[in-house]
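Look at TrEMBL and you will find 57-128 tagged as domain 'P-type ATPase N-terminal'. Sequence annotations record features per position, and here TrEMBL assigns transmembrane segment to 99-116, 122-144, 292-316, 336-361, 903-924, 936-956, 986-1010, 1022-1041, 1053-1077, 1097-1116. Per TrEMBL, the feature active site, 4-aspartylphosphate intermediate maps to Asp407. TrEMBL lists 872-1126 with the feature domain 'P-type ATPase C-terminal'.
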Amino acid sequence: MSRERSDSQGSLGPDDEVMPYSDDETDDELHPDSDEEGPPRGPQSGWNVKANDRVFCNLPEFQKKYLLCLKKSKYSGNGIKTYKYNALTFIPLNLFEQFKRVANLYFLALLILQIIPEISTLPWYTTLVPLVLVLGITAIKDLVDDLARHRMDKEINNRKCDADILLLSSSNPNSLCYVETAELDGETNLKFKMGLKVTDERLQEEHQLAQFDAMIVCEEPNNRLDKFTGTMRWRKDRFPLDLDNMILRGCRIRNTDVCHGLVIFAGADTKIMRNGGKTRFKRTKIDELMNYMVYSIFVILILLCAGLAIGNSFWYEEVGSRAWYLKDGKDQTASYRGFLSFWGYIIVLNTMVPISLYVSVEVIRLGQSKFINWDLQMYYQEKDTPAKARTTTLNEQLGQIEYIFSDKTGTLTQNIMAFKKCTIAGRTFGDPTTAEGVTLNRGKPVDFSWNKYADSKFEYLDHSLVACIRSKKDKDAMEFFKLLSLCHTVMVEQNEDELVYQAASPDEGALVTAARNFGFVFLSRTQDTITISEMDQEMTYEVLALLDFNSDRKRMSIILRFPDGRIRLYCKGADTVIYERLSPNSRHKEVTQTALDIFANQTLRTLCLCYKDISKQEFDAWAKKHKAASVAMSNREAALDGVYEQIESNLMMIGATAIEDKLQDGVPETIAKLAKADIKIWVLTGDKKETAENIGYSCELLTDNMQIHYGEDINEKLRIRQADRRDQLPASSRTRKKVPDPFFPDPGRNALIITGGWLNEILYEKKKKRRRLRLKRLGRRPVPATPQDATQPIDDWEKESRQVDFVNMACECEAVICCRVTPKQKANVVSLVKKYKKAVTLSIGDGANDVNMIKTADIGVGISGQEGMQAVMSSDYAFAQFRYLERLLLVHGRWSYIRMCKFLRYFFFKNFAFTLVHFWYSFFNGFSAQVAYEDWFITLYNVMYSSLPVLLVGLLDQDVNDKLSRKFPKLYLPGQQGALFNYKNFFISLFHGIFTSLVVFFIPYGAFLQTMGQDGEAPSDYQSLAVVMASSLIFTVNLQISLETSYWTFVNCFAVLCSIAIYFGIMFDIHSAGIHVIFPSTFTFTGVAPNALRQPYLWLTIILTVGISLLPVIFIKFLCKTIWPSVGDNVQRNRKKYEVEEEEKKKPAPFQRDRLSRRSAYAFSHSRGYADLIASGRSIRRRPAAARPDPRDSITEVPQAGNI
């Protein structure tokens, strides 16, 4: 199958390689790109920091109002506070928060009503006991959660210095400092920072630092991780500052003993915190639905009470006022009595609003969170990292996920590059092969013990390449690895007897490490030389020029003078740019092209290697042009690129490398399994387009039979849709189609790859920002765009329509990759899907640049590992590997959703069945608000008699085991559809409760109507009726939950039997004469239970009531499972077969060599190398010219520092 793609070359639009930080851009950044007039605002009017002056930041001009007339400094402190309570505020603040829940406030009002004698129909303790239990359990849970926040805050605030600091000096030469930014962006390769020359020379000693009094004027705090602009004013001089001088919060200092710095931004002002976004209170869909249902119950309750109050008024008018034996001596009208009856029934029927519902839900969620924490199958032994549920409120939402938004680096990948294959002079190496060239199915790693410099972690399976190199007969192979050891910007250190490479990208580090293992070892470099070991022979080459990599050139070159005087250029880069520059006489072009196709199909990242011999005259002429371009005052980069272009021509092909960007274990399988569960995965990354696309193929998110659409193609489709809408719809009648026309009507699979620049272009973000700033400066209000201007939205409605179109188009695709996007853009994409698709979203990432996205999604997942803890600290769930996401959703998420839905359905049913008995009884007691049960039964029903079995179902129940849950992803679909708990299920529970209450009341009522006991007495009194109804109800609800239980354990069985036993045990105790003697006014049912339950016909009544209540349920369940079985029912029926059946192994797809089209597998570092640093010579200790180069003299290894 061929893969179609839209060519983006030559299109007019945003730069695909630029990460567009449009959200926090300042006016001076936008000024050069817009045509507005007025002076640009520079950093002079921005942020001011005075060294060694603590009073400066508290000056009046730096104060801001925060509460009425109170003021505080605009400079944030470095301490953070995420806890909610302290010892003094816990009780009042927690009670205030709990009473913001309508149900708790309702029961507090009930408690007050029960104190009023005229309307109280139940003792006060029937409401107080459950309310205190609910408030107490919730308060304990909140206290435990807040203590954890206190510990986390204390740990972070105890760090020595966690801020954005200006590097002044360090113990390294020229105040060089290497940092690891994994906590910021997930990248583990080292980057360098450097102090200013003046601070390096004058601020090394403590007394010098104490006298430092510079003023720093810089940009206001913002979220741009890639930019910093400022000026240092010191000793009547001004020094420019940029990002290379800044060490940001979250960086880890490496290979530096001591560094000194000045805090510029602290706390909430730091760039990493600015990228974090707002902390959002997250609630599940079930929570929202449950609240609406509670409101519905309120409405039903008020209607019932109003109807019963009216009935009481009519009854008193017609019957009560005329019956002499009902006279109570009160001179009250029928209407007033009805009014009192209304409030009385509010108290009687209060159990329709389930007070224990919320606390029961919290207990279930807490238990489900512990199961996630204890899951050994989500424990990563290599890093000793268990899974962690950092919240207890979102578990069931894990069973409803529709969209996953994933970071790439460190989340899907390990950010580890491995040299896998290569092609040299038309011959391909890398498959398992013997030294003689015989291909093997399985091979043993090559033994590199002959090379004293070899990296012990490097593995290679092709013995023939090693034999070829060691024989020294193949000149092309020798030249190949010589190029890899020379053409790079890697820095080297000596750590005892071991070489340590520091590369600007992991790709480059992998290539130099490969050359090192094959005998071409990079040893050291100076400003103008580079030394390598060529098969144990040390050679030093003079570096004449270093043409560094950038995202436009997609290649890098080095020009060297060999010891014999020859001048040669070595170049490595993308196949698309190298092939354009090859000499017509270059050999092996076609064979190398075929190998590149194969490497691309295997999702390996490729680079082409080539060389060019240069005469002295040619180089001298070129060097003059190069020098002139390097000192140009304007367009210097463009001038240098033009000069580079002249020398990088007529190249001779040597071969190509193929590097594997290692995915985390199980990523393709996880993505495939989640896709079968109808979960769509979008990748949102700051990486460049080529890298992101390559990983898309590696993890099988993209396939060869997909048609890929890029930014300009997407923009054009949206522009056409917008123009059609303008033509068809007048402004006065704007209605959006409920079912829009598809953007891809043709059959086939589609994928979307879009960069951050195109994303802003499509959603009008950049244009809106510039236009607003321009009009603000000119003092004008925005003027609506003309209909003819298709590049501008007419109004907010059209902007929203454009966003809807984009989301609809993206959701039609099977895969979406957004690359070169800022942290804010990641969050915006998530917000768009949440807003317009009303979908449940999950974001997963590992770095600080993912925090905003994690906070925005309904569920945030942090990958915990070597990349730092910023994402984990902001997440709801955390684990060490992406593959655990499958188990989190398909097992824990699905089980949690099923359990919670089953719990809620049953909870509403049992409360309706219990409460509505009072309603039917009202028709026989003159609507007098008389209760149908004993007071203590009402008090303990939800607390002790019916709570434990349903709680255990909510904690332990499972329709199928974990293996079958993962084997059949379609079982996940009911959660996405919200099929197990919705208003339909709510009303089914309501009618089920109504039916059960009818049976529980009328069958005992009929049995008691005209009866005579064995002893000649008629136990047809109210108290005996209450006992029979209560006993029937307890049996019914406990056997009903038994029918709902899918997974039986000893604990479930014990809970059902124990609940019934507790009921009878407590009932006989509180009906005993002994407790009546002690509390005569509280326990009034003396001897009722023993007297009533010794009558056989009453037991027959109980059995008949329970049977009639349960038989329809059993019949309906039988019909559903036999005639209309669900996917889950079918899996349950055949689970024994599936459990013994071995799952078929996935067969690898056959490799297709004859594709009609190919893609470039080039994907290299997405930042400049160390060329500028090397050329400046500032990173290297100077040594005498006559001295022989020694690898130990390049950079001195010093102990490693910890966090700043």
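Note that Cβ sites are derived from N, Cα and C of the backbone, with glycine treated the same way.
Predicted, not measured: the structure shown is a model, and the values here were computed from it.
Within the chain carrying the transmembrane segment (336-361), a Cβ under 8 angstroms from the stretch's Cβ atoms is held by residues 101, 103-104, 106-107, 110, 113-114, 118-122, 127, 130-131, 133-134, 137-138, 290, 294, 297-298, 300-301, 304-306, 308-310, 312-313, 316, 320, 900, 903-904, 907-908, 911-912, 914-916, 918-919, 922, 927-929, 931, 938, 941-943, 947, 950-951, 954, all 6 or more beyond its ends. Around the Cβ of the residue listed as 'active site, 4-aspartylphosphate intermediate', 29 further Cβ atoms fall within 10 Å across all displayed protein chains. Same-chain residues lying 6+ beyond the ends of the transmembrane segment (292-316) with a Cβ under 8 Å from its Cβ atoms: 102-103, 106, 334-335, 337-339, 341-342, 345-346, 349-350, 352-354, 357, 908, 919, 922-923, 926-929, 983, 986. Confidence annotation: the domain 'P-type ATPase C-terminal' (872-1126) carries a mean pLDDT of 89 in the model. Shown for the domain 'P-type ATPase N-terminal' (57-128): DSSP residue counts in helix, strand and coil, namely 32 helix, 9 strand, 31 coil.
The stretch in 122-144, 1022-1041, 1053-1077 that contributes the largest number of Cβ pairs under 8 Å to the transmembrane segment (1097-1116) is 1022-1041. Listed by sequence, the residues of this chain that lie at least six past the ends of the transmembrane segment (122-144) yet keep a Cβ under 8 A from its Cβ atoms are 84-85, 90-91, 94-95, 97-98, 104, 107-108, 110-111, 114-115, 347-348, 350, 355-356, 358-359, 362-363, 366, 392, 931, 935, 938-939, 942-943, 1082.
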